[in-house]
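According to TrEMBL:
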- A:86, A:88, A:101, A:120: Mg(2+) binding site (BINDING)
- A:12-24: compositional bias 'Polar residues' (COMPBIAS)
- A:1-24: region 'Disordered' (REGION)
- A:103: site 'Transition state stabilizer' (SITE)
């Protein structure tokens, strides 16, 4: 497996705690915080309310060197980011397996497919064959709009690219097959409301 | 979340590849290789045969310092192991959510419950409430015996400890509520055969 940095951007640790989540005074207009933060908060809401158990997977790293200054602690002194072999989020909702990938773009009229890797598509195809509920969430940061696209509707765009077609999906194309997830206060992005409509 | 090294043992990178898996000439008697290796191989078998999509989650690390020697690469130079907040393995089998934790012990007559953390039990309770299929796999390395215990039968042992009772489960107690997973060549540990029997 290739060791590389997933998206060429600097790593931003993103570990909210209950206390700093409550202290936030960000004003919520159309734009949310980062998509990852919004989804983590949403999943925390689902968890504490017994609605679903869905987590973001840890960032996969290849650990090369570890120091043991004390018996009880270990410091990783050399490690590298690995390309994830699956999607970032999965879990369970009413017995059903839930699996999705979330991406954001600053573009305002199209979504570049280079945000995904082939092995993620392969993973999602495998989940679909196992009758899992699998989808993609795409946030257009500048527009403040977030869409949920069932994988069966997203896959054809990928296939079109593989067949030599365009390397992006226009916003209008996405809108034709997606549901917009409205921003709320709590949960921030109630994507399960859309899942209920589509799959239950 | 506390940052600590999960089990006080040195970290052993465990990243098999298809090529080195084939080159192995370990003789298989009653004893397998490490439980993690056996389960990873089993999951790889399930995946390539389209039987299930089940993965081990990456080891969670708290990344503190990253170097960027080149634009396209990043080297993590300071990070720490975090206590996992979930179980290690999850995925989908015929639409159903599968979730389990796997532990091994060198003991021959009992399993120490200190191998688990309270938050893992809390996670498994949450999965159970969502009607997920959740269980524990325990390998007695010295005996070469591996058991699958549905969470509903494992949880009472934990509760007994919380209530002031013994901090371990005897092998006989486990046998009374577990199914033994026989070692096979491929898949190594066909735990889904037991899941089919119990849940389908």
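Any Cβ shown, glycine's included, is placed from N, Cα and C.
A map of TrEMBL features onto the structure.
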{"residue": "A:86", "record": "Mg(2+) binding site", "contacts (Cβ under 8 Å, 6+ apart)": "A:57, A:99, A:120, A:123"}
{"residue": "A:88", "record": "Mg(2+) binding site", "contacts (Cβ under 8 Å, 6+ apart)": "A:56, A:57, A:100, A:101, A:102"}
{"residue": "A:103", "record": "site 'Transition state stabilizer'", "contacts (Cβ under 8 Å, 6+ apart)": "A:35, A:111, A:115, A:116, A:136, A:137, A:138, A:139"}
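Around the Cβ of residue A:120 (Mg(2+) binding site), the number of neighbouring Cβ atoms within 10 Å comes to 19. Those recorded positions from A:86, A:101, A:103, A:120 lying by chain B, with Cβ under 8 Å from one of its Cβ atoms, are A:86.
Taking the centroid of the Cβ atoms of A:86, A:88, A:101, A:120 as the Mg(2+) site, the other same-chain residues with Cβ within 8 Å of it are A:84, A:87, A:89, A:99, A:100, A:123, A:124. Summarising the environment of residue A:101 (Mg(2+) binding site), the number of other Cβ atoms within 10 Å of its Cβ, over all protein chains shown, is 24.
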